[in-house]
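Notes follow the structure.
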Amino acid sequence: MEITAGSHVWVEDQELAWVDGVVTSVNGNEAEVETINGNQVTTKLSKLYPKDMEAPDTGVDDMTKLSYLHEPAVLHNLAIRYGIKEIYTYCGNILIAINPFQAISHLYDTKLMDSYKGAQLGDRSPHVFAITDVAYRAMNNEGKSNSILVSGESGAGKTETTKMIMRYLAYLGGHAAAEARTVERKVLESNPVLEAFGNAKTVRNNNSSRFGKFVEIQFDARGQISGAAIRTYLLEKSRVCQISEPERNYHCFYLLCAAPPKEIEKYKLGDPKSFHYLNKSSCYELVGVDDSHDYLATKKAMDIVGISVGEQDAIFRIVAAILHLGNIAFALEGEDSSVLEDDKAKFHLQVAAELLMCDLEALETALCKRNMVTPEEVIKRSLDPLGAAISRDGLAKTIYARLFDWLVKKINVSIGQDPDSKCLIGVLDIYGFESFKTSSFEQFCINFTNEKLQQHFNQHVFKMEQSVYQEEEIDWSYIDFVDNQDVLDLIEKKPGGIISLLDETCMFPKSTHETFAQKLYQTFKDHKRFVKPKLARTEFTIVHYAGEVQYQCDQFLDKNKDYIVPEHQELLSTSKCSFIASLFPSLNAETPKSGKFSSIGSRFKLQLQQLMDILNSTEPHYIRCIKPNSDLRPEIFENGVLEAIRVKCEGYPTNRIFSEFLERFSILAPEVLKENVEENVACKSIMEKVGLSNYQIGKTKIFLRAGQMAELDGRKAKLLGESAKVIQKQVRSRIARKRYVRVQTASICIQTVLRGQLACESLKFRKRTAAAVKIQKSARRKSASRKYTNIISSAVVVQTGIRAIVAHNEFRSKMQNRSATIQAATEEEEKDSGKEEEDIGKEEKDIGKEEKDIGKEEKDIGKEEKDSGKEVKEPEDKEPEKQPTVKVQEKEELPDPPVAVLEQNEPDKPDVSPDKEQEVTEESNELYHIVKEISSPIQDVLTAEDLPSEVEQLKVLLIGEKKRADEYQKQHAETQELSEQRRKKLEETEKKVHQLQESLNRLHQVQNQPLHRLLELTTLIIRTTLMLHQLAQILHFQLQVMIQPTTLVPVLKLPRCMLKTLQPLKLQVLRTVIRRGHLMTTSDGSLCFCFFLSVDDRYKHNFSRESQCRHAKHKPHSYT
């Protein structure tokens, strides 16, 4: 990529390693960059790296997906993921793990283990469980052993990662039965035991493994753990006697000093500050670590792995003895001999002898003297204080190394190995690359190990790739990568390597570290990987794959010599403690001579070669652990992870044999399989069809560049997804259709039931509406009828009263005149009898005239009755309201009932004024709003939305009707009460009528008396008639309220012989009673007045002429 002004780039920074910025200007081979923190930096273009501005903010989980594969891009991606607590990232098939320096509980729980079980690599986020699961499934499926190599610098988290691997393997290959889980449990519990005796705090790591460890976990045919073996490499024995600030010695020393008081007293221990091997550093405790708790946890783990209580006691006796040995100080005695410095030294010597269960004097002699073996004799030589101290430290280191080796063997024996196991998974946890200010023989061996592992990595990742390409005869452009074979030759080549020269130097008694350094300078002065520092006499520098490391060879000779002092061997082999004696078996007489020197470097090289043979026989998986702090230097990645990324992406990291490729991707071009072509041609056709060109066809395999397999898988997944969509569409369609049919059937049933319910509700509503209409009509008719009846009755009463007053006045005046006339006529009758006849003739003429007048009045009355007979018509569809009738009250039978009754004309009906009719109409309209009649047909089906509102309206109307009905009931009760009162009055009136009837009877008895009584009788009749008129008025009012029919009452009965006498009076009587009564004659010729006392002319139609005849028991006839 060409860098120009405005380009976003990465530039080196002293504090942050790399920082992003923007190029402001380019001048030749240099450029000015403005960093994100505002600084202006001028640097060469070759030191600038482009930045991918389209990279996701959360980083990528596989760094082979990065657009720009360079160091700042890799570090930036790791930093982003570390910031969001994603500590694992893939780099192809390599897992990069960053130490979080904190416990993340949910990241390693059982639920998460189950989610990674059987998952393909890349299906889930990067994790140590994913790499372990791939190794386990590959072992089960292919029947080949696998290995997981955990590497990284000190403090990067290798030990914890190894624990997680072993824990996941125990989860995958564990037994179901609790009794059979002892194997995997012992494997897991071996970690705290080995950590207590093999781990220590260093400058970079609080729990640094000071030995290499390779754990072989064996599996049976079912994939269950059947055995295990632990191999250790290069324990750092010098740490027992030499530590620097701020490091600590091995954990077991501090754990024992924090033991319960009873055990501290037993081993004569105290504060760690009081022991020389511990107080060389001021660090005695670790933050967040409880040594007393860890002591008990370690003893518990010892119980689980099969270390007995007696063996545990012997182990801690040895640890305590080593601490006491360190406190033995020596002083110079004479010229070249040494003795114990003081009583304190003697005390610690005595305690050490007691703990080691050996002779006190023998222990002191073994520390202060040496046996010189000559052909003639054995000479004892005293050691100076420095030599005695070196002898003491040598004894302590030897005892501790033998103890650690015994622990490893004991654990292996306790776990047990499966001789029938064909497959295993090896987990390698070994120190990472180390470069200290003072690097000695231990760092030399550690870095030599990392060089061997890097070569294995190169062979597996790079050289294996090249060999496959060459075998398949594909076009391969060789990619340059850092090959460290020359470094390995520099170290291990025989003869001529550094280890060979070191062994040679150690075999010469007078050799020193300076002579060794001069040999190195002379031998490798022209080697490109070997550098001699300026002005150096005992230092040399090796250019490792991870960078340059300068070594000080002052102690190379001593640390390479692994021989035990015969005095020490003899002393401890005779210990009374069987455990200690077993650590130092007796040597034969020739052993001291032949076994004086054994090269640690050569033995370690042999062990390392055996380890590499095991790794080469397995399918390796790599986990690179990184420590995220200021020590994370760029060069650490330069030839490790970055080289793998670059070659993986530039080469063909993915390859498949033709049959596998066709089986996997033939779905992309199904027509290819129909053609009879070779497999390589079919593979090529598939790639051409999908439009991919970054591939090569070999003899038996197809090779794909980085990302091509993912592209093919993506297209396959897309095609399968589309096919699945079609299938799902059909299935969903079928399911939806079935569901639709079910819903439709159910909806039809529901609609049927609902329609029935709606129809019932509609019918009920219509019935209620019709009932309401009938109630309204009845109420309106009843109200209108009552009002009409009241109006008619009132009119009749008024008319009757007026007519009665007028008739009374006329009758009075006429009676007065007639009385005077009769009196005058009587007096003059004798004088003028002839004149009487003339008067009678005149009177007859007057009567005729009066009869004409009466005829006219009758015509007028008939006309009035005809006009009043017009009644208001009721609706045609309603039956006329039946009015209650009252039976004719039968009075006492009169003697000689009349044989004829004058024909009765219907009484006049009062005229109803237009104003009254308008009032009645308005009152009728007021009732109309109660329930409005439905003029249009009611729909059979009402919508669910209209029914509630109409029901609510009906409820309101019904409530109003109820209120009105309550009012009507109240009025009816009041009316009944008033009617009862008027009924009582009527009974009283009937009594009075009876009394009047008796009076009339008495008058009938005296009808044959002389004429002078006739006037009195006439007067009585007149008075009786007036009383009857008054009674008629009273009865009219009462009957009007009680709604009673009319009654025929016989008022007066006269003998026929008196008709002529009453002839002058008849006209006046008729004028008085003609309007409200009838004049009837009986069979014997007597005259009878019957008054028709009417209340309401409307009810006259209820009494026919026949009924009147039944009551009168004679035939009615008209009177003229």
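Note that Cβ sites are derived from N, Cα and C of the backbone, with glycine treated the same way.
Whatever TrEMBL says is automated annotation, not expert-curated.
Record features (TrEMBL):
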BINDING   Gly152, Glu153, Ser154, Gly155, Ala156, Gly157, Lys158, Thr159  ATP binding site
COMPBIAS  815-824  compositional bias 'Polar residues'
COMPBIAS  826-841  compositional bias 'Acidic residues'
COMPBIAS  842-894  compositional bias 'Basic and acidic residues'
COMPBIAS  906-919  compositional bias 'Basic and acidic residues'
DOMAIN    4-53  domain 'Myosin N-terminal SH3-like'
DOMAIN    58-717  domain 'Myosin motor'
REGION    608-630  region 'Actin-binding'
REGION    815-924  region 'Disordered'
REGION    968-990  region 'Disordered'
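Locations of recorded TrEMBL features on the structure.
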residue : record           : Cβ contacts under 8 Å, 6 or more apart
Gly152  : ATP binding site : Ala97, Lys158, Gly432, Arg624, Cys625, Ile626, Lys627
Ser154  : ATP binding site : Thr202, Arg204, Asn205, Ser208, Tyr431, Gly432, Glu434, Lys627
Gly155  : ATP binding site : Asn99, Thr202, Arg204, Asn205, Ser208, Lys627
Ala156  : ATP binding site : Ala97, Asn99, Gly432, Cys625, Ile626, Lys627
Gly157  : ATP binding site : Ala97, Ile98, Asn99, Pro100, Cys625, Lys627
Thr159  : ATP binding site : Glu195, Asn199, Asn207, Ser209, Asp429
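The Cβ neighbour count for Glu153 (ATP binding site), using a 10 Å radius over every protein chain in view, is 24. Look at Ser154 (ATP binding site): DSSP puts it in coil. Of all the Cβ atoms in the protein chains shown, 27 others lie within 10 Å of the Cβ of Lys158 (ATP binding site). Apart from Gly152, Glu153, Ser154, Gly155, Ala156, Gly157, Lys158, Thr159, the residues listed for ATP, the same chain places the Cβ atoms of Asn99, Asn205, Ser208, Gly432, Cys625, Lys627 within 8 Å of the centroid of those Cβ atoms. Thr159 (ATP binding site) carries a helical DSSP state (H, G or I). Confidence annotation: the domain 'Myosin motor' (58-717) carries a mean pLDDT of 86 in the model.
Note on the region 'Actin-binding' (608-630): residues 78-79, 82, 91, 93-99, 101, 128, 131, 134-135, 138, 142, 144-158, 161, 204, 214, 216, 231, 233, 424, 426, 428, 432, 448-449, 452, 456-457, 460, 640-641 of its chain, located 6 or more positions outside it, place their CB under 8 angstroms from a CB of the stretch.
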